[in-house]
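*Asks:* I'd like to ask you about the structure that follows.
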Amino acid sequence: MSNAIQLESLESVKTSMHSTSSYSQSVSTVLRRIGNGLRAHSSVSTTLAGLFTVVILIASLFPSVVARKDPYATDPVHMFQAPSAEHWFGTDQLGRDLFSRTIYGAHATVTASLLSLAIAVVGGLIIGIASAYVGGIVDTALMRSVDVLLSIPGLLLSITIVTAIGFGTTPVAVAIGVASLPGFARTTRAQTLKIKNHAYVEAAVVSGVSPLRIVFSHILRNVLGPVSVLAMLEFGAVIMSVATLSFLGFGAKPPAAEWGSLINDGRNYLITSPWISLIPGFVVVLTVLSATVLANNLKRGER
C-alpha cells in the first residue's frame, strides 16, 4: 500500500515538473517573441524616445517660453475645466492651467534628477577609483560602507536623508543622489580594478608617473564610458524617485509645481476630474520610458 502511494506521489511530482517546465518554456517563447518584436521596431521607438526626450529637455530649460499661461494664476471661474483648445491639459482645483504647471514641473523635476545624477556619478567615481586604486584597508572600509548603503532600500534611505536635512527640491535631489551613489561606486571600482591590471597602466607606474596623472590619463577616461551608460539607465529611476518624494510631500512647498505634487493635487478628484493626476502621471511614464529606451540602445552600442 505504501509503495503504491509513493509511486503515485512520484508520478504526480513528475507531472508537476513537466507542466512547470512546459509553462516556463511557453513563457520564455512569448518573451523571446516580444523581445524580437521590440528589436525589429527599435529604430522607430528610439526615434520617438529621442524626440520626446528633446521636447522634455527644452521644456525644462525654457519653461517660460514653452508655457502658454502663468502656472500660478488662479481662476475660480474656470476650475476643473477638461482639456480644451484654451487649456490643453485642462485646469486644476484652483483654475490653474495644467499644461503650464506641467511644463514648470518638468523644469523642477528634471533639474532635480540631473543634480541627483551628478552627485551620484561624481561621488561614485571618487569612492570607486579611490577604493580600487589604493586598495588595502581603504578599499575594505569604503566597500563595507557601500554595502551598508546598498542593504537599505533606496526610497527608504532617501526619505531618511531628506527628513534629516529638510524638505524641498534641492534636499530631495541630494537625498536621492546619495542613495544612488553606491551603485556607481561599485561599477567604478569594478572597472578600475580591470583597467588597473592592464599593461600600459603597470608600465606607467613603473615609469614613475604620479598616481594622480595615472588616474586622470588612463583610469578615469576608460571608466567614464560604462558609468555614462549606467547614468542613462538610472535617469528614469531617478525621475521616478524625485516624483515619488514630491508626491509624498517632501518636495517644494505649494504652489510650486513638481510632477509628483501635481499628481498628488488631483488624487481627491480622480472620479470627477481625472486629468489633474493622469496627465502629469502620463508625462512621467513617457519620460521614464523614453530615457530607458535610449539607455538600452546606448548600452547595446557599448557592447
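Placed from the backbone N, Cα and C atoms, the Cβ positions cover glycine too.
In case it's useful when we look at the structure, here is the feature table from TrEMBL:
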DOMAIN    106-295  domain 'ABC transmembrane type-1'
TRANSMEM  42-62  transmembrane segment
TRANSMEM  114-134  transmembrane segment
TRANSMEM  155-179  transmembrane segment
TRANSMEM  199-216  transmembrane segment
TRANSMEM  228-252  transmembrane segment
TRANSMEM  272-295  transmembrane segment
*Asks:* Taking 42-62, 199-216, 228-252, 272-295 as candidates, which has the most Cβ pairs under 8 Å with the transmembrane segment (114-134)?
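*Replies:* Maximum Cβ contact count belongs to 228-252.
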*Asks:* For the transmembrane segment (199-216), could you work out the same-chain residues 6 or more beyond its ends whose Cβ comes under 8 Å from its Cβ atoms?
*Replies:* 129, 133
*Asks:* Taking the transmembrane segment (42-62) as reference, which of 155-179, 228-252, 272-295 has the most Cβ pairs under 8 angstroms?
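*Replies:* The stretch with the most contacts is 272-295.
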